[in-house]
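Below is one structure, written out as structure tokens, with a few remarks after it.
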């Protein structure tokens, strides 16, 4: 039994058996060649101790390595006459020769290799895959320069690792005209390659490695896969921001082409922890291969799976494991070194450099052997043929295979044997002088030297015979290796502009070279550049960034499209997601697949960007503007309508019922004092108005942040934005939905007075007292229009809110699928105009009624105005017009500047500021708390608009905003200049401020005559003195019904009389603090009314003469025409209210109790 054999790892077992068998049997094998040098005539080499040693060859753990090393040993033995052998110790990997020939005792140890302790026991290794370990080789030469092995050059072929298929499958497909050794043949669009392969179910999962134990969970490789493939659905991002692959069953990863159905997947098998796993994943994704990738549990199962299951599989050549299957490599696009270097493995794999290596001491011990090994070269097909022969004959016949090749190629391998004369240099060497300088002829030559990188061994013939010289590579050529016999032409895409180049320089970006062996690169045409260095053809000159290629032309990239370097229409159509390295549609834009350059703007939530034709949640249309028929938008996706239609029918019935029932709720009379019920209804109206304003704001084209977007989307419901409520289920199509909205408002507006007229003509209703009062009917109609005025204005203006698309077309902002000026838009514009006409008529009527309102005091006709005046103080009864005007004014900027959101927001901001100014100036609400909350609400809206300006896109409207800023600053300076001029004019004319002769502009009106004021005060004093006790009690009741602001004015008037006019009063208590003009001391505020007093002082800085007329409040909405019943009702109400006020001692305390909106007040509770 062979005592030198040991048990190796699974991948080394075959080579170990070969080594052991050959070592045991070598002594029994005779010479291969008839004239071969016999063993007794062979020479030994000597180690540093002078001991005889054989030249030791290192074989690694694959059959080709042992076969070629065995062949080299036989040629060294019988051709050169040296004792040589293949050491029974087997290298575990392509890195083993680096450490073994470098003298490392434990050359395969992962930690302690023990390098440099003793002289190396290995001298030669052929078929060394050091190309896969170039970094380790460079590091070893740096750490151990004196013992690092020498690279003797290429074996003549490169190792190849890729995806293969068996010849059986290849021929079966070829008979039907399908070439499965080409990657495009697997695209399921045109072919069904799966029928030539077995299924995933044919492999037992218990023979596989689980995904969580392989490179499927390698964060670097899976992260690169996700980054460069764009296949987000094939991977999972973990909480620590690392990426792993998704294996649905824990064993198989499915490519996108068959991810929907695993039965349509072609099995793809690899081994280890995932050899070439990332590359195979990217290949299957990039080229549409319907594949399911798995990893065999061990080498035995891998071999079994490949041999028994018709599949695609990982393999490398040269190798004999599956050689009887005659596998064919699948051809992928040419390898891109730059792409693979950054982790993108979409292109084909590169060939692996396979070399011959020698220890550093071999040249001194057996230089001819080193030269011989350096001259050895094989071709990959002949190596594969020898491996096939070996596989056929069996593992014991490896020497027979080597011997057959030596006999059949004797002339070839004997040419590798170096000559023994000093100047008869062999190929790979050149003539040198005594100093080692290279020479071109034998003159002065003393020997031969190894040709270094940058030179090539060139044959020279003279009278003595043939020899070689080391010539420098010309321009356009290079040589990176030693022992080279010729300079290599610089490949396409590279150049060399100097002699003796070791490597070629790649063409810079923007340049290309389609021919080899060139010394310069060519410039790409205008508007084109190259994506990477080293472009090898004019076709690689692609469109520059910002351009996209269509039909061979570089066209400007339209708005809404991302066009990086190299953008083309096919790449745009095939992009997956939004990868900045590829052309894609930007978020907020959409284009159809058939016309990818026709970009349309749409909402960001609906248009995620990426490839053309992509909409969110199943939406459709040129702007992703609607769901398919029978579906509506809900929770970020299109949902089936189902019972939504019936819910809407019920909702419309309820709304209509509520509108017509509101007639019976509008029964309260107008009073100067705010009631709890009045405060409640006013608060609800204020809240509704705020929601409507926010709903108008939602239509502005701004990237609203999450949270705020949801709030605005909810508020948009109050402006009839009903998409999320399934309104489309009731009326199909945007145009029909809009017509339904307009018709609803128009019909209800006409229906209310119509119903009132009908009730007055039906005797049965009249007998039961159910007929509608005409004035109250008009008030109910006005109330409906007043509540919905902002919504109506927004709805009516919608057809005129048209925004631009990059194509030059325009769409309606709310109904993006409706193109302005075409088809449905014309009908929508007509109905919108009718709504706007209704608003215009209504607003005009309100203006007229507000003008004549004071004349209608105490008359039944005043009930018609209840909806307009009941919320406001008697002296600013007309302020409802301001509220009405604010609604359409807020919607109007979206019509004027639809494509300019920053300008739209600026105009809306100006409107709200004007509204805020009017509100703060007039304080129109009856209750101070309502005035405060209205001011705060408007200020918060102003702040929200100011913040929104930072979110708006200002590309288009920046110039207009700059012009607006200029106009505003000019107006501000003009206002200041006017004030200064006015003040200087007053000084010049010596008009004292506060006097009767002041400019009317300074007081914003004319001051009343002091004598007239004196006469009125006298009349009041006389009337007060003449009051009887009953009349006094009646007056106290009337004072109790005054509003907070009227009580404030009365008390401040009393303060002025007592303070500035120095009238004598007893037990006078000051209502507030003020400074006397008669050298009196400053009085402090005495209790209560703090909030009311502050608001009042703010509003009373103008003269009493500048106050507008006020409307009398002593009327009842139910009074008859002659006014008698109204007077009686007023008297009863006054007596009742006076009785409800317990022991009213002072007017100010009554006002404090009754003026605030407190639900705890007895009278208000009773009213509620």
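Glycine is treated like the rest: Cβ placed from N, Cα and C.
Curation plays no part in TrEMBL annotations; they are all automatic predictions.
TrEMBL assigns the feature transmembrane segment to residues 960-982, out of the candidate ranges 776-798, 799-821, 960-982, 983-1005.
From the options 624-644, 645-665, 708-728, 855-875, the stretch TrEMBL describes as transmembrane segment is 645-665.
Of the candidate ranges 603-623, 876-896, 1023-1043, TrEMBL annotates residues 876-896 with the feature transmembrane segment. Record note: among 902-923, 1056-1077, 1078-1099, 1100-1121, 902-923 is the stretch given as transmembrane segment by TrEMBL. Annotated range for transmembrane segment in TrEMBL, selecting from 935-954, 1135-1154: 935-954. The list of residues near the transmembrane segment (935-954) in space but at least 6 beyond its ends in sequence, with Cβ under 8 angstroms from a Cβ of it, reads 686, 690, 693-694, 697, 700-705, 901-902, 904-906, 908-909, 912-913, 915-916, 919-920, 961. Residues in the domain 'Tyrosine-protein kinase ephrin type A/B receptor-like' (500-541) partition by DSSP class (helix H, G, I; strand E, B; coil) as 3 helix, 11 strand, 28 coil. For the transmembrane segment (826-850), the list of distant contacts is 735, 738-739, 742-743, 745-746, 749, 782, 785, 789, 792-793, 795-800, 812, 815, 818, 864-865, 868-869, 877-878, 880-881, 884-885, 888: same-chain residues at least six beyond its ends, Cβ to Cβ under 8 Å. Here the domain 'Tyrosine-protein kinase ephrin type A/B receptor-like' (500-541) has a mean pLDDT of 93 out of 100.
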